[in-house]
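Trainee: Submitted below is the structure of interest, expressed as structure tokens.
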Amino acid sequence: MSTNNIIEGDEDTKTTITNESNTDNNNNNNDDNKNNTENTTSPTNNNNTNDNDNNSDNNNNKNNNNNNSQVTEEQQVTLEDSGSEDDINFEEHELSDSAEEDEDEMEDDDEDADGRQNQNPNSAGGKRRGRPSKVQQSTNTHLSQTTPESPTIFTPDGKVPKRISTSTNNTPNTQSALKTNKRPRLTSDEEKDLMLSEESDGGVGEDDDSIMSTNDKPQDENQSNQNQNNNNNNNNNTTTTTTTTNNSNNNNQNLNQNNNNNNNNNNINNNNNNNNSNNDNNNNNNRPARGRPKTNGSRSEERKRIQLQQYIQATQGSSTTTSDPNNQNNQINQINQNNQNNQNNQNNQNNSLGEEEFGEEFEEEEEDMGQPKKKTKYKTSKKSVPNHLDIRPCWFVGCVKADRSLKILRPCLIPTCKTHAIKSEVRISEALRRGDFVNDESSGVKDKVCGICGDKKDLHHCGNNGCAFGFCNDCVEIAAMKHNNHPNGNKWICWVCQFVRTKAKEKERTRWVKEQLNPGLTSISRKFRRGPELDMAQAQFLQQQQQQQTSPNEKRSSQFNSNNSNNNNNNNSNNNNNNSGFDPSGSPNNQQNQKRLRKKINASSDIYETRKYTKKRNDEDSAPPSPTSIIGNSVMVGSSGAAGGGIIKNTTVVVEQQGYSATPPSPNTLMVQQQQQLQQTHQQARLSQQQAQLQQLKALQQQHQHQQQNNGNFNNLIESVLSPNREPLNPIDNFVDQTFTAVKFFSTLSQNPPDEIKERIDNFVDLMMRIKTVRWASDYGLVWRMIEELSNLIKRNLLSSQSVVEMYSELKSLEEGALENMTTNARNVPLERAITMVFENHETAGLIGKECCSTRNALIYSIEVALRAIADYQHDLEDNLMEESLRSNKVSTEIEQIEHQIKANLDEIHKFKYQEVELLDSLSKVRGAIAAHESIRDTLQKKSSELKVDMLLIKNGISDKEKETKSQQATLENEIYALKLLITMVESIYWIHDYFYESRVGECEKLINNKLSQLQNKLETQIPHPPNALDNAIPNTTTTVMGEDGQPVIVPTTVDIKNKFKTIAIYHKICMQHKVPNFHLEKPDRIQVAVSCINEFASNPLVDIFDNPPEVDMRYVMAVHDANYIKKLETSLPPENSEFETHLESDKSGAMVTVASHKDFEGDDDNIYDTFVSHRSIKAALRASGSVCAAVDSVSRSGYTRAFCAIRPPGHHAGRYGRTSDAPSQGYCLINNVAIGAKYASLTAGYSRIAVVDFDVHHGNGTQEILSGDDNFLFISIHVCDEKRYFYPGTGQDVGDIDEVSGQFDGNILNIGLKRNTGSAVFLQQWMNKIIPRLEAYKPQLIFLSAGFDGHKDDPTNGLKLNEEDYFVITKMIKTVAFKYCKGRIISVLEGGYGIEKTNSLQRCVNSHLKALIEDTDEEIHLANISYGHFSETQETAIPKFNINNFISNPNKRGKKNNLNTINFINNNMNNINNNITNSLSNKQLERQKQLQQQQQQAQQAQQQQSPQQSQTIENTSITTTTTTTSTTTTLSTSDSESNNNINNNNNDYNNNNNNNSNNNNNNSNNNQPTNFNSSTSSPILSGNNNNNNNNNNNNNNNNINNNNNNNSNNNNNMNTSNPTNQQSSVIISDDMDDVQTNSNPPNPQYPLSPNSVNRGNNPSNISMSGAQRSAPLIISPKPSNSPNSPSTSNNNGTPQNINNSDN
């Protein structure tokens, strides 16, 4: 007898089929199958076969032992394709739910592992991998041939093992037939190539078992063929049989033959010698199932019920018998009859099983007796040898399974598992849609994603031009280790290309790409949706549908083996189901698919007999009968599915024996008889479950009928937009599809809808995707109805809208001529149709609005209901928590009781310990172990305590660090607060100093300068030239000497007023590296012209040339320009070796624009893209700005008066963001050099009034944008400005003129626009009328010139008609203002001027400008001496009183008056200063009157007593004394580093005799205390005290003033030296304050009071003047005395004067 054992494993496990009668022993290579099903099968676990696939896979062995049949190649292809097609049709469904099924499969794999470990007691430690040894293989072969198996073996404790039972029939598994087969479907030609290549290779791949075709072998070889496949981990091989299906008529005849011969009909693998030659030979192998049996509540069971409905509808649609709804009752009755037959046959099941056991035992004893088995020479010819490519684990890190390969890489097999293979192919499919995965490899483009994992990483690409594969590093490590081919450069050939060459196979990549691009083609392997899976009752229902079409012979055979015929019919039903899972009508291979389906429907099982089985049967017939063998006749045992709707597995045993046999029964027979009662109990439970499933089937049928009534044909349901192959399951899907279709149509009506509509469309798509992912667990009936109605309305509206659009296009297409030729009725037809459609559209739109409102209300109501449900759930949760708390209290009470019991037990344990002494040595070992564990416990406790201590120490350290950190933080915060206060104090004291220096100290300095100038004019003593004076001196003073006649004679003397005002010229050679095209005007040759002009003045000693200025600090560049603009400018330069320049423009955001255009250089600037940049342009621009900053340092700190910067590129058109908003371009400019220099001067040198004069022919719009609104700067520009803005840049209309009402200028911008081709007269008139007065009113401290010489009449720009003499004149005008107000400080920066080729106008203009700038006339020098060198006789009124209201004139600039204490302090000090000044003036006035009287008296006495000789002696003495005195007089030192003749009075010691006349009571103590003033640009603070005696003890810088009090009451006018050895003598200048006090003239408006004005203050004390750059000292002539004994006058006040002239 033969039995078939069904072994369950993973989905891709290869099932070995062994026919004991045919001696085909197959040892499977199943790595994951650890089950030992020998003697451990149970009918109670038949539901474990739910996932078995009965269709033959391409991976299964084909054991077609048909001796007389000849199978053609076409039939063989059909054989190969028949099983896989059923499985593939439903793979698409599985792919859509891959995420859920992957989780289920992982859980099933874990459950399978547990089940296999429990089931296989003979496996050593549950080992999973490894090949069995030769001994184990032989043992397995012996057991598979001789060991009988009972269908159900129970364990001694009465439990049933987890794995499932045996089956003598290859029953088609209806549900598992619908299980997904991951093997890709191949076409006929591909399958033939695959079979031929595998047979020629002699082995199998990782996914393909050896495919053996019996047609290629002799008849005898087919009978004795043995396929031995090594099963690595299956220690006990199980035996199964295959069912070779044939036509149904032949199958029934064979069954009848077997019955007449009294053989066992359960052996279905008998050879049929009478088969026709055209029969299809199918070998349907049972694929092993995976996982534990599913329960009714699992997700897979829910899917099965849904799939059942689809399957029934599909079969009804393809069969006339099942499509009629009236036949449903007949079908149900047939199912009931089948259930009753199964229940009746249950009683006879055990007898057949027992007889089967007996037969198997007899066969085992026969072989034990030493009878050899027949073996053929082809036994191991097709032995399945493990492939050398079988590498594990999976390429995914951490995955241990590898039973698959990526379809995209075949024939190169990369080990992977199902989960990661699907995920990888999904990622590669997405990359294919994005374009990262190449569609056509012949293009030579390489992939951007890995061909194994699908990730976008760094790839190693194949060197073959026809291969686009690339692999990442992680995947290369595994694949290279497998194939021994590491990437070694650009010529590396990948593994896929190698295997294509060696195996001569086709690449799978092209087919896979076509599948993804054309998913509807059935010839391309693709994953279809999984079809419905059927439970037991549904399978029987479909079986009886097929039985109605069978012949009477089949019906008779089905009485013996109903399950067998049902299973054969299930194959046909599976074929029908394929039509529902995938519609082949849309495929180009429709006829071929229908042909295959028809073949499968007509196919049936054939029974074949082998020689061994025939011989064995004859031996059994000749043996005498046995009493124990007569148990029953033709008993059919059917086992139905268990709970959860398992698949029916029938174990059919037909026992027909006559007589008795002397052979004793096997020992297992008794065990089988004892288990019959338990089997009947389980069978009854299954029948009850079948009844319940029958009720479910009825409900599904009713639901199906209802859907057909509502929706018509099931196959014509609405197709989902997001998943076209998926049928909508609820109204939400229908609603989403209808709305999406409507939105998609409406969006096509307008190409540019409003932004609001676009946003709504985007939000709609986002919401639609979210709703599609929601799984509705609750039933919202009202919402569903409203949604369905709204969907229908939307559909109607969409149709009507489409019709309206079509009608509109139709009406629009009609031409007027056609309408005129048509009749009235003909013209009205389309109009009436359009009106009708519009009316219907409006009506539908109104209904949609109402329906939307009602749907919204229904949704709100449903939300409220859901919220109430949530509240109920929360309430239930609270109740559960309360119950759990009560339970926990109860449990805690029980725990306490248990602990009490434990304590009692411990006491008893102690008692038993006293008895341990009396025990044997074994007890001592126990005590030793206890002691050891206790020591370990103590050690661990000690370690834990130490760790706790360490943890506490760490916590303490952390707390200390936190405290320390907080304290430091608090300290830093206090310091920051203090620094902020200091900043506020510094700002306050600065503005206080600024104010008082302007209001008080400046007045005092001014009065002192006026008085000194008066005294200078009164001195008549001749002063010779100093050694270093210049030769060109002019006589401007006279000296009074005594003549021979004793009368005073006035002699003219020469005083050196020719001062050295030095000029510095700055340029850098990098400025020439700013490259522009040859046609451009702003060329590097302009710098060569300017430098050549500078070199002409190199011989002048007053001119210095500096050719290496540093780059400007980027901080000052950022103070002028936007940081983003500078960053874009630095990153937008062309490469270093580029032959082309780049056009550069920018908007306000700093974005660069490159345009292939250039400026029209012949005249107007029509084209706006005129600025070019090269690789070194930014370096040149930074050096240019650095030159201007170096000029500021030279003028402010290095003793130079003027500076000229020959730089490029120009900058006065560059605004804060590059191009200004009102200009068309940047006008050749990159960064604004003049603006950067002005900001630099303001920030570093402390200038508060800086004037920028731009006389370029183009308006300096960039400089105006940067400096506008800042009171520290004044910008003046004279340029060409047309009304129509034709001339570049079109900006700079007249602005900034004086206000006629207020007489003041408005703002800090003065623009003077000239008409084009204006001449010199108008140009110079504008300078005299507007520019010079504006500068006079502003009184700048520093002047910048944007020197643009493109206004010349010969310049290519043709803007103005000026000459080079005009630039000479305006430069002289600027110098005049500079000498008057800013000590001659001028910085000239080259801007425009492009006449360098023909006219050479630039050279002439620069020469004129430099000549006027460098060479000083006598009038200019005299103006400089008057302005800030000599003391002019300006008469001012009395010093004004201090007013606290004028303390802060501009709150926005100087801050708010928020510190009252500071204001009060300053107010008190200034009041004291006012009082001191008033008292000092009054006292000095009285003293002056007395001194004048005394001098008059002394002069009269001297004239009367003096003789002619004495007069000559006195004259010589006075001249000598005067000469000696002038060498030591108070001089004004300059900061010129080159002048060696400067006299620095900072370190001079003035020994002034303070003559305290005891008779003079008018001397004030204030006269003995000098007051220090420093008149630098950054003025110090005038500090006073509250002393009413006005004692100001201030010492000057390193000046030691020794006032010796000589008590000389008689001669107060003599000058006395305190140190007789000192050769120097000081000049005591009489202070005449009467002229100042009596002068009532108003102040001169040309010399207003300012911190930097020349005449500062009235207190004759220590004065430090800034900004006078002179190499020769100015000599102050003392006033001669009329007395012969008094060559010089003396100041009665004894106030010394130390005049220190230092620059900033």
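A Cβ is built for glycine as well, from the same backbone N, Cα and C atoms used for every other residue.
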Trainee: Could you look at ASP1170, ASP1350, ASP1354, ASP1355 and say which one Swiss-Prot places alongside ASP1256, HIS1258 in the divalent metal cation site?
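Mentor: Candidate listed by Swiss-Prot for the same site: ASP1350.
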Trainee: Around the Cβ of HIS1258 (divalent metal cation binding site), how many other Cβ atoms lie within 10 Å? Please give the count over every shown protein chain.
Mentor: 30
Trainee: Restricting to the chain of ASP1256 (divalent metal cation binding site) and a gap of 6 or more, list residues whose Cβ falls under 8 Å of its Cβ, or answer none.
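Mentor: Residues satisfying the criterion: HIS1212, SER1277, HIS1279, SER1346, ALA1347, GLY1348, ASP1350, GLY1351, GLU1391, GLY1392.
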Trainee: What's the number of neighbouring CB atoms sitting within 10 A of the CB on GLY1227 (substrate binding site)?
Mentor: 29
Trainee: Count the Cβ atoms, other than its own, that fall within 10 Å of the Cβ of ASP1350 (divalent metal cation binding site), considering every protein chain shown.
Mentor: 25
Trainee: How many Å lie between the Cα of HIS1258 (divalent metal cation binding site) and the Cα of GLY1227 (substrate binding site)?
Mentor: 9
Trainee: Under a three-state reading of DSSP, tell me whether ASP1350 (divalent metal cation binding site) is helix, strand or coil.
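Mentor: Coil, per DSSP.
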Trainee: Near the divalent metal cation site, what residues other than ASP1256, HIS1258, ASP1350 in the same chain have a C-beta no further than 8 Å from the centroid of the listed C-beta atoms?
Mentor: VAL1257, HIS1279, GLY1348, GLY1351, THR1357, GLY1359, GLU1391, GLY1392, GLY1393
